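S.K.: I am attaching a structure below and will ask some questions about it afterwards.
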(Lines of atoms letter the chains of each structure in order from A and count residues from 1; the text may use other names and numbers.)
(Lines give C-alpha, C1' and ligand atoms only; values in the text may rest on other atoms or scores of the structure.)
Protein backbone atom coordinates (compact mmCIF):
# COMPACT_ATOMS: atom_id res chain seq x y z
CA UNK A 1 0.00 0.00 0.00
CA UNK A 2 1.50 3.33 -1.05
CA UNK A 3 1.76 6.07 1.46
CA UNK A 4 -0.81 8.12 -0.44
CA UNK A 5 -3.49 5.52 0.23
CA UNK A 6 -2.50 4.64 3.73
CA UNK A 7 -3.47 7.44 6.09
CA UNK A 8 -1.53 6.06 9.04
CA UNK A 9 1.79 5.21 7.47
CA UNK A 10 3.98 8.25 7.37
CA UNK A 11 5.64 9.01 4.02
CA UNK A 12 9.40 9.16 4.06
CA UNK A 13 9.58 12.81 3.05
CA UNK A 14 7.24 13.83 5.86
CA UNK A 15 8.45 15.32 9.16
CA UNK A 16 8.51 12.70 11.89
CA UNK A 17 9.77 12.40 15.47
CA UNK A 18 13.53 11.96 15.35
CA UNK A 19 13.97 9.96 18.55
CA UNK A 20 12.26 8.62 21.64
CA UNK A 21 13.18 11.73 23.59
CA UNK A 22 11.77 13.86 20.77
CA UNK A 23 8.49 11.95 21.20
CA UNK A 24 8.58 12.29 24.99
CA UNK A 25 9.23 16.03 25.01
CA UNK A 26 6.83 16.74 22.14
CA UNK A 27 4.00 15.11 24.07
CA UNK A 28 5.09 16.72 27.34
CA UNK A 29 5.03 20.12 25.68
CA UNK A 30 1.59 19.70 24.17
CA UNK A 31 0.17 18.23 27.40
CA UNK A 32 1.43 21.26 29.35
CA UNK A 33 -0.41 23.57 26.96
CA UNK A 34 -3.73 21.82 27.41
CA UNK A 35 -5.78 23.53 30.08
CA UNK A 36 -9.16 21.84 30.60
CA UNK A 37 -8.34 19.16 28.03
CA UNK A 38 -5.61 18.26 25.60
CA UNK A 39 -7.40 17.20 22.42
CA UNK A 40 -7.44 20.61 20.74
CA UNK A 41 -3.71 21.05 21.40
CA UNK A 42 -2.85 17.56 20.13
CA UNK A 43 -4.52 18.33 16.82
CA UNK A 44 -2.91 21.75 16.51
CA UNK A 45 0.63 20.66 17.44
CA UNK A 46 0.81 17.40 15.48
CA UNK A 47 -1.11 18.46 12.39
CA UNK A 48 -0.55 22.18 11.98
CA UNK A 49 2.82 22.81 13.62
CA UNK A 50 4.88 19.61 13.45
CA UNK A 51 3.06 18.22 10.39
CA UNK A 52 3.59 14.63 11.49
CA UNK A 53 0.15 13.85 10.07
CA UNK A 54 -2.57 15.40 7.94
CA UNK A 55 -5.89 16.43 9.37
CA UNK A 56 -7.58 13.42 7.72
CA UNK A 57 -5.06 11.07 9.31
CA UNK A 58 -5.67 12.73 12.65
CA UNK A 59 -9.45 12.32 12.40
CA UNK A 60 -9.00 8.65 11.51
CA UNK A 61 -6.68 8.07 14.46
CA UNK A 62 -8.98 9.97 16.75
CA UNK A 63 -11.95 7.80 15.76
CA UNK A 64 -10.02 4.68 16.79
CA UNK A 65 -8.82 6.35 20.02
CA UNK A 66 -12.44 7.16 20.78
CA UNK A 67 -13.74 3.67 20.08
CA UNK A 68 -11.19 2.02 22.32
CA UNK A 69 -11.80 2.33 26.05
CA UNK A 70 -9.44 4.42 28.14
CA UNK A 71 -8.39 8.06 28.14
CA UNK A 72 -8.71 9.20 24.51
CA UNK A 73 -5.68 11.48 24.43
CA UNK A 74 -3.55 8.79 26.11
CA UNK A 75 -4.81 6.27 23.55
CA UNK A 76 -3.87 8.52 20.65
CA UNK A 77 -0.41 9.12 22.12
CA UNK A 78 0.08 5.33 22.33
CA UNK A 79 -1.09 4.88 18.75
CA UNK A 80 1.19 7.60 17.36
CA UNK A 81 4.20 6.62 19.44
CA UNK A 82 3.94 2.95 18.51
CA UNK A 83 3.58 3.75 14.82
CA UNK A 84 7.03 5.39 14.76
CA UNK A 85 9.01 3.43 17.37
CA UNK A 86 6.94 0.38 18.38
CA UNK A 87 6.43 -0.34 22.08
CA UNK A 88 9.24 2.00 23.26
CA UNK A 89 7.60 4.77 21.20
CA UNK A 90 4.21 4.09 22.77
CA UNK A 91 5.72 4.27 26.26
CA UNK A 92 7.70 7.44 25.47
CA UNK A 93 4.67 9.29 24.07
CA UNK A 94 2.38 8.10 26.85
CA UNK A 95 4.76 8.97 29.68
CA UNK A 96 5.39 12.35 28.05
CA UNK A 97 1.68 12.97 28.31
CA UNK A 98 1.56 11.95 32.00
CA UNK A 99 4.75 12.44 34.02
CA UNK A 100 5.30 16.20 34.14
CA UNK A 101 1.62 17.21 34.13
CA UNK A 102 1.02 14.77 37.00
CA UNK A 103 3.86 16.22 39.09
CA UNK A 104 2.55 19.72 38.44
CA UNK A 105 -0.98 18.66 39.37
CA UNK A 106 0.28 17.13 42.63
CA UNK A 107 2.02 20.37 43.57
CA UNK A 108 -1.22 22.24 42.89
CA UNK A 109 -3.28 19.72 44.87
CA UNK A 110 -0.99 19.77 47.91
CA UNK A 111 -0.78 23.55 47.98
CA UNK A 112 -4.54 23.69 47.53
CA UNK A 113 -4.99 21.55 50.63
CA UNK A 114 -2.92 23.99 52.62
CA UNK A 115 -4.96 26.93 51.40
CA UNK A 116 -8.36 25.27 51.37
CA UNK A 117 -9.33 26.99 54.65
CA UNK A 118 -9.29 30.33 52.86
CA UNK A 119 -12.86 30.87 51.63
CA UNK A 120 -11.70 32.65 48.46
CA UNK A 121 -9.66 29.62 47.36
CA UNK A 122 -12.51 27.19 48.01
CA UNK A 123 -14.85 29.61 46.22
CA UNK A 124 -12.55 29.90 43.22
CA UNK A 125 -12.41 26.13 42.87
CA UNK A 126 -16.19 25.91 43.20
CA UNK A 127 -16.54 28.47 40.43
CA UNK A 128 -14.03 26.66 38.21
CA UNK A 129 -15.90 23.41 38.92
CA UNK A 130 -19.12 24.93 37.58
CA UNK A 131 -17.23 26.07 34.46
CA UNK A 132 -15.65 22.60 34.09
CA UNK A 133 -19.10 21.00 34.19
CA UNK A 134 -20.23 23.36 31.45
CA UNK A 135 -17.11 22.57 29.38
CA UNK A 136 -17.88 18.85 29.42
CA UNK A 137 -21.50 19.44 28.41
CA UNK A 138 -20.37 21.80 25.63
CA UNK A 139 -17.93 19.17 24.30
CA UNK A 140 -20.79 16.69 24.05
CA UNK A 141 -23.02 19.24 22.34
CA UNK A 142 -20.26 20.11 19.85
CA UNK A 143 -20.08 16.41 18.91
CA UNK A 144 -23.82 16.22 18.16
CA UNK A 145 -23.53 17.43 14.50
CA UNK A 146 -21.22 14.47 13.80
CA UNK A 147 -24.25 12.19 14.30
CA UNK A 148 -26.09 13.62 11.30
CA UNK A 149 -24.33 11.22 8.91
CA UNK A 150 -24.77 8.27 11.26
CA UNK A 151 -26.49 5.32 9.50
CA UNK A 152 -28.82 5.02 12.49
CA UNK A 153 -30.52 8.17 11.20
CA UNK A 154 -31.28 11.33 13.15
CA UNK A 155 -34.49 10.12 14.91
CA UNK A 156 -32.88 6.92 16.22
CA UNK A 157 -29.70 8.80 17.24
CA UNK A 158 -31.84 11.29 19.15
CA UNK A 159 -33.74 8.44 20.80
CA UNK A 160 -30.57 6.60 21.89
CA UNK A 161 -28.91 9.79 23.07
CA UNK A 162 -32.04 10.85 24.96
CA UNK A 163 -32.55 7.48 26.67
CA UNK A 164 -28.84 7.37 27.56
CA UNK A 165 -28.98 10.85 29.09
CA UNK A 166 -32.09 10.03 31.16
CA UNK A 167 -30.60 6.74 32.39
CA UNK A 168 -27.26 8.26 33.43
CA UNK A 169 -28.05 11.83 34.48
CA UNK A 170 -31.52 11.43 35.97
CA UNK A 171 -31.99 7.77 36.95
CA UNK A 172 -28.30 7.16 37.85
CA UNK A 173 -28.26 3.71 36.27
CA UNK A 174 -24.77 2.12 36.53
CA UNK A 175 -22.77 2.83 33.38
CA UNK A 176 -22.12 -0.84 32.51
CA UNK A 177 -25.82 -1.56 31.91
CA UNK A 178 -26.24 1.50 29.71
CA UNK A 179 -23.09 0.86 27.65
CA UNK A 180 -23.65 -2.82 27.01
CA UNK A 181 -27.45 -2.78 27.00
CA UNK A 182 -28.33 0.38 25.13
CA UNK A 183 -25.01 0.49 23.25
CA UNK A 184 -25.37 -3.15 22.22
CA UNK A 185 -28.83 -2.51 20.74
CA UNK A 186 -27.51 0.56 18.90
CA UNK A 187 -24.59 -1.42 17.44
CA UNK A 188 -26.87 -4.23 16.25
CA UNK A 189 -29.20 -1.74 14.54
CA UNK A 190 -26.18 0.06 13.01
CA UNK A 191 -24.86 -3.29 11.73
CA UNK A 192 -28.24 -4.02 10.11
CA UNK A 193 -28.55 -0.53 8.61
CA UNK A 194 -25.03 -0.60 7.12
CA UNK A 195 -25.75 -3.91 5.42
CA UNK A 196 -28.88 -2.73 3.63
CA UNK B 1 -13.05 20.68 52.28
CA UNK B 2 -14.11 18.48 55.16
CA UNK B 3 -11.78 15.56 55.57
CA UNK B 4 -12.99 12.04 56.20
CA UNK B 5 -11.37 9.49 58.46
CA UNK B 6 -11.64 6.11 56.85
CA UNK B 7 -10.09 2.74 57.54
CA UNK B 8 -9.14 0.84 54.40
CA UNK B 9 -8.18 -2.83 54.54
CA UNK B 10 -6.03 -4.53 51.91
CA UNK B 11 -9.10 -6.01 50.26
CA UNK B 12 -10.60 -2.51 50.02
CA UNK B 13 -7.49 -1.33 48.12
CA UNK B 14 -7.73 -4.41 45.94
CA UNK B 15 -11.38 -3.78 45.10
CA UNK B 16 -10.55 -0.12 44.43
CA UNK B 17 -7.87 -1.22 41.95
CA UNK B 18 -10.15 -3.79 40.33
CA UNK B 19 -12.99 -1.29 40.08
CA UNK B 20 -10.72 1.15 38.24
CA UNK B 21 -9.41 -1.64 36.02
CA UNK B 22 -13.03 -2.52 35.18
CA UNK B 23 -13.88 1.13 34.51
CA UNK B 24 -10.75 1.35 32.33
CA UNK B 25 -12.11 -1.34 30.03
CA UNK B 26 -15.57 0.21 29.71
CA UNK B 27 -14.47 3.86 29.49
CA UNK B 28 -15.36 4.20 25.83
CA UNK B 29 -15.50 7.90 25.05
CA UNK B 30 -12.95 8.74 27.72
CA UNK B 31 -12.41 8.30 31.43
CA UNK B 32 -14.68 11.27 32.07
CA UNK B 33 -17.66 9.16 30.97
CA UNK B 34 -17.12 6.89 33.97
CA UNK B 35 -17.38 9.79 36.42
CA UNK B 36 -21.01 8.99 37.33
CA UNK B 37 -20.05 5.40 38.12
CA UNK B 38 -16.97 6.50 40.10
CA UNK B 39 -19.13 8.90 42.09
CA UNK B 40 -21.71 6.18 42.78
CA UNK B 41 -19.01 3.72 43.89
CA UNK B 42 -16.69 5.99 45.89
CA UNK B 43 -19.05 8.57 47.39
CA UNK B 44 -22.50 6.94 47.56
CA UNK B 45 -21.65 3.28 48.10
CA UNK B 46 -18.39 3.30 50.10
CA UNK B 47 -18.17 6.89 51.42
CA UNK B 48 -14.37 6.87 50.89
CA UNK B 49 -14.57 10.45 49.62
CA UNK B 50 -16.84 13.43 50.26
CA UNK B 51 -18.80 15.02 47.45
CA UNK B 52 -16.59 18.11 47.76
CA UNK B 53 -13.37 16.08 47.53
CA UNK B 54 -14.63 14.22 44.49
CA UNK B 55 -15.70 17.34 42.63
CA UNK B 56 -12.59 19.22 43.79
CA UNK B 57 -10.36 16.52 42.33
CA UNK B 58 -12.02 16.86 38.94
CA UNK B 59 -12.07 20.66 39.04
CA UNK B 60 -8.38 21.01 39.88
CA UNK B 61 -7.37 18.57 37.13
CA UNK B 62 -9.56 20.46 34.67
CA UNK B 63 -8.03 23.76 35.74
CA UNK B 64 -4.46 22.46 35.55
CA UNK B 65 -2.71 21.76 32.25
CA UNK B 66 -2.49 18.16 31.09
CA UNK B 67 -4.88 15.33 30.30
CA UNK B 68 -8.08 15.58 32.31
CA UNK B 69 -7.84 11.88 33.15
CA UNK B 70 -5.15 12.73 35.70
CA UNK B 71 -8.05 13.60 38.03
CA UNK B 72 -8.24 9.84 38.62
CA UNK B 73 -4.86 9.99 40.35
CA UNK B 74 -6.00 12.91 42.49
CA UNK B 75 -9.12 10.97 43.49
CA UNK B 76 -6.82 8.12 44.59
CA UNK B 77 -4.56 10.63 46.36
CA UNK B 78 -7.52 12.01 48.33
CA UNK B 79 -8.77 8.53 49.28
CA UNK B 80 -5.25 7.81 50.57
CA UNK B 81 -5.20 11.07 52.54
CA UNK B 82 -8.53 10.13 54.14
CA UNK B 83 -7.04 6.74 55.03
CA UNK B 84 -4.08 8.34 56.77
CA UNK B 85 -1.30 10.48 55.34
CA UNK B 86 0.90 11.17 52.37
CA UNK B 87 2.36 7.67 52.00
CA UNK B 88 -1.13 6.24 51.55
CA UNK B 89 -2.01 9.15 49.30
CA UNK B 90 0.90 8.30 46.99
CA UNK B 91 -0.13 4.65 47.10
CA UNK B 92 -3.73 5.56 46.24
CA UNK B 93 -2.56 7.75 43.37
CA UNK B 94 -0.42 5.01 41.83
CA UNK B 95 -3.13 2.41 42.36
CA UNK B 96 -5.93 4.37 40.67
CA UNK B 97 -3.69 5.60 37.83
CA UNK B 98 -2.33 2.12 37.16
CA UNK B 99 -5.80 0.62 37.31
CA UNK B 100 -7.09 3.22 34.88
CA UNK B 101 -4.20 3.07 32.42
CA UNK B 102 -2.94 -0.51 32.32
CA UNK B 103 -5.93 -2.41 30.85
CA UNK B 104 -6.99 0.21 28.32
CA UNK B 105 -3.44 0.99 27.20
CA UNK B 106 -2.60 -2.66 26.59
CA UNK B 107 -5.85 -3.05 24.70
CA UNK B 108 -5.15 0.09 22.68
CA UNK B 109 -1.64 -1.01 21.82
CA UNK B 110 -2.74 -4.40 20.52
CA UNK B 111 -6.10 -3.43 19.06
CA UNK B 112 -5.09 -0.24 17.24
CA UNK B 113 -3.25 -1.99 14.42
CA UNK B 114 -5.91 -4.66 14.10
CA UNK B 115 -8.70 -2.10 14.14
CA UNK B 116 -6.98 -0.02 11.51
CA UNK B 117 -6.36 -2.95 9.20
CA UNK B 118 -10.01 -3.99 9.49
CA UNK B 119 -11.65 -0.60 9.58
CA UNK B 120 -13.82 -1.41 6.55
CA UNK B 121 -15.28 -4.51 8.22
CA UNK B 122 -19.03 -4.17 8.71
CA UNK B 123 -18.81 -5.13 12.40
CA UNK B 124 -16.07 -2.57 13.09
CA UNK B 125 -18.04 0.20 11.42
CA UNK B 126 -21.28 -0.81 13.17
CA UNK B 127 -19.56 -0.71 16.55
CA UNK B 128 -17.98 2.67 15.86
CA UNK B 129 -21.19 4.24 14.51
CA UNK B 130 -23.63 2.57 16.91
CA UNK B 131 -21.72 3.85 19.92
CA UNK B 132 -21.81 7.43 18.58
CA UNK B 133 -25.05 8.71 20.14
CA UNK B 134 -24.33 6.88 23.40
CA UNK B 135 -20.86 8.43 23.78
CA UNK B 136 -22.09 11.93 23.00
CA UNK B 137 -25.02 11.68 25.43
CA UNK B 138 -22.64 10.36 28.10
CA UNK B 139 -20.55 13.53 27.88
CA UNK B 140 -23.62 15.72 28.31
CA UNK B 141 -24.89 13.57 31.20
CA UNK B 142 -21.49 13.78 32.91
CA UNK B 143 -21.52 17.57 32.73
CA UNK B 144 -25.09 17.56 34.00
CA UNK B 145 -24.20 15.50 37.08
CA UNK B 146 -21.15 17.62 37.86
CA UNK B 147 -23.15 20.83 37.49
CA UNK B 148 -25.88 19.52 39.78
CA UNK B 149 -23.65 18.17 42.53
CA UNK B 150 -23.98 21.31 44.63
CA UNK B 151 -26.50 20.87 47.40
CA UNK B 152 -27.00 24.39 48.82
CA UNK B 153 -30.30 25.47 47.27
CA UNK B 154 -29.71 29.19 47.79
CA UNK B 155 -26.46 29.13 45.82
CA UNK B 156 -27.54 26.58 43.28
CA UNK B 157 -28.95 28.92 40.67
CA UNK B 158 -25.75 30.92 40.35
CA UNK B 159 -23.58 27.87 39.81
CA UNK B 160 -26.11 26.53 37.33
CA UNK B 161 -26.15 29.87 35.54
CA UNK B 162 -22.34 29.82 35.30
CA UNK B 163 -22.38 26.25 33.93
CA UNK B 164 -25.09 27.15 31.41
CA UNK B 165 -23.22 30.30 30.36
CA UNK B 166 -20.09 28.18 29.82
CA UNK B 167 -22.03 25.75 27.62
CA UNK B 168 -23.31 28.58 25.42
CA UNK B 169 -19.96 30.41 25.20
CA UNK B 170 -17.96 27.28 24.35
CA UNK B 171 -20.39 25.39 22.12
CA UNK B 172 -21.72 28.43 20.29
CA UNK B 173 -19.00 31.08 20.37
CA UNK B 174 -15.85 28.95 20.85
CA UNK B 175 -14.55 31.17 23.63
CA UNK B 176 -11.16 29.95 24.91
CA UNK B 177 -11.59 27.81 28.01
CA UNK B 178 -8.83 29.65 29.89
CA UNK B 179 -10.94 32.81 29.96
CA UNK B 180 -13.94 30.88 31.29
CA UNK B 181 -11.93 29.10 33.99
CA UNK B 182 -10.52 32.47 35.03
CA UNK B 183 -14.03 33.93 35.11
CA UNK B 184 -15.26 31.01 37.25
CA UNK B 185 -12.29 31.43 39.57
CA UNK B 186 -12.82 35.16 39.99
CA UNK B 187 -16.59 34.83 40.51
CA UNK B 188 -15.98 32.08 43.05
CA UNK B 189 -13.18 33.88 44.89
CA UNK B 190 -15.20 37.08 45.13
CA UNK B 191 -17.98 35.16 46.84
CA UNK B 192 -20.60 35.70 44.16
CA UNK B 193 -21.17 31.97 43.88
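Numbers here mean position along the shown chain, with the first residue as 1.
Every residue gets a Cβ built from N, Cα and C, even glycine.
Note that the structure is predicted; figures quoted are calculated from it, not measured.
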S.K.: According to TrEMBL, which of these ranges is transmembrane segment: A:3-22, A:23-42?
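M.R.: Of A:3-22, A:23-42, TrEMBL gives transmembrane segment for A:23-42.
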S.K.: Using TrEMBL as the reference, determine which range in A:49-71, A:118-140 is annotated transmembrane segment.
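M.R.: Here TrEMBL associates transmembrane segment with the stretch A:118-140.
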